[in-house]
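J.: Taken from TrEMBL, the feature signal peptide applies to 1-15. According to TrEMBL, the feature active site maps to 426, 435. Annotation comment: TrEMBL describes 467-482 as compositional bias 'Pro residues'. TrEMBL lists 467-489 with the feature region 'Disordered'. Feature annotation from TrEMBL assigns domain 'Carbohydrate binding' to 492-572.
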């Protein structure tokens with residue numbers, strides 16, 4: 001569920017870099033990674049259609065998706081993780097993206113990936129996880145538009161299992177369903193229908209987030225120990241190691257009061273999530289390594305993937321803590337939400353140029369950024385400029401070995417970055433440091449939106465509650481369904497229902513869901529609702545003066561369709577009525 005409105009008042013001042021510009025560029029990078037038939041609104045114009053026969057040899061349509069990094073292979077596992085992280089970013093910080101005008105671009109980036117994942121799951125128990133072969137692809141240096149390498153597709157099925165791939169793909173589809181729940185509910189439901197295929201912790205956490213289905217709550221509670229969610233204390237988070245991510249997400253459930261009977265188990269998840277956070281800020285019992293300039297350092301080959309993913313987790317967890325009004329207890333002292341967010345900001349600022357080399361590791365941002373990126377498409381002249389065929393080995397001789405700047409600027413790409421001593425060699429053959437990857441950029445969606453837009457008046461927890469619900473000492477309010485005060489002939493129906501209740505600090509809280517349905521045969525626009533006797537946070541509407549109107553991602557409500565908003569307070573249902581509207 002996306003965040004509820006609640007003013008927080010974090011005192012942290014964010015300045016120094018143009019995070020909005022960096023956000024725009026980080027999203028634009030994904031258009032350079034597109035495979036398949038490019039759309040009419042393609043903004044990276046030096047790219048052209050490619051991979052148009054992917055899947056044909058296997059009898060399936062696998063056209064589309066993203067090239068993984070600087071090569072021309074489509075790897076399912078990192079692609080799915082990329083989509084999960086883009087979706088998580090939008091779920092948490094979609095409002096900030098909307099304010100900067102980038103939400104639609106971010107959603108387009110997610111959908112380009114999920115459209116492909118749907119194709120890759122053509123039937124139950126079959127999932128295609130790779131198109132192209134890494135060995136043959138790396139032997140050649142060609143534009144995607146010129147590829148002559150083997151485009152064999154590889155799948156998992158009951159005879160060839162791959163639970164890690166299935167789990168990440170399920171997580172990606174479940175997370176993306178949250179992105180499209182309001183703007184495209186049919187597509188969101190289609191994603192969920194494909195997502196119900198795996199039960200690993202990461203997938204189960206996202207399916208619980210997307211569906212509130214008790215089955216997935218039980219899975220997280222009963223399998224946390226056996227599958228390592230409550231046992232593994234990690235100081236890295238990546239497409240290949242996701243424990244810190246699931247631990248952070250489950251900690252959110254706990255702070256939301258959604259742990260049910262598994263509060264004690266979810267507390268163990270949270271302990272491990274905070275182990276990760278403490279290690280990042282240098283106050284844990286086993287801290288992450290950092291360069292002399294202060295950058296997280298995990299490994300020489302594409303270290304920046306660990307930087308962006310860790311920084312996203314610390315940023316979002318800082319908001320969870322702030323929403324709960326809590327600090328974090330680390331081995332070397334308490335850590336406030338502001339301190340945790342300050343760490344995230346320090347990593348982003350380093351990436352954007354505040355480092356010993358004064359180098360921006362995002363291509364196209366700042367005055368000093370990589371010029372010789374290890375990337376086939378950007379390093380070879382655009383096929384639109386020179387359509388002459390570039391051969392497999394000829395590309396190495398003519399373009400790879402060329403000691404000059406790339407002919408195509410790969411705007412927004414985050415490269416592998418410096419070594420453990422902050423050193424960096426801007427050379428195309430230095431693939432460990434100059435190759436970009438989709439999963440480097442994906443966590444930056446949310447992180448840059450957060451730094452650009454501030455906390456946005458949001459409570460990330462929906463709601464702030466005690467770790468576990470307790471028995472109610474008095475009956476909950478009786479009216480579970482409250483129709484709008486309008487005649488039965490009204491073209492707009494409003495129904496409210498109580499969905500859950502709990503006690504926090506001795507006070508009863510109630511969560512209400514309100515459904516507004518357009519019963520007319522025309523599109524509903526300019527809707528204004530009057531809401532009185534509301535004493536808590538609300539999500540799913542935008543306040544405009546004394547009225548509430550459509551949220552930023554919704555301009556109209558088609559005939560027969562509904563929208564949902566929710567609110568939480570410690571009283572009976574608020575009074576909701578329709579003030580005005582237009583049917584067009």
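Cβ atoms here come from the backbone N, Cα and C positions, even for glycine.
Note that TrEMBL annotation is computational and uncurated.
Quick one: where do these features end up spatially?
T.: Take the CB of residue 426 (active site) and look out to 10 A: across all protein chains shown you find 17 other CB atoms.
Sequence-distant neighbours of residue 435 (active site) (same chain, 6+ residues apart, CB-CB distance under 8 A): 69, 70, 302, 373, 374, 375, 415, 416.
Note: the domain 'Carbohydrate binding' (492-572) comprises 0 helix, 51 strand, 30 coil (DSSP; helix = H, G, I, strand = E, B).
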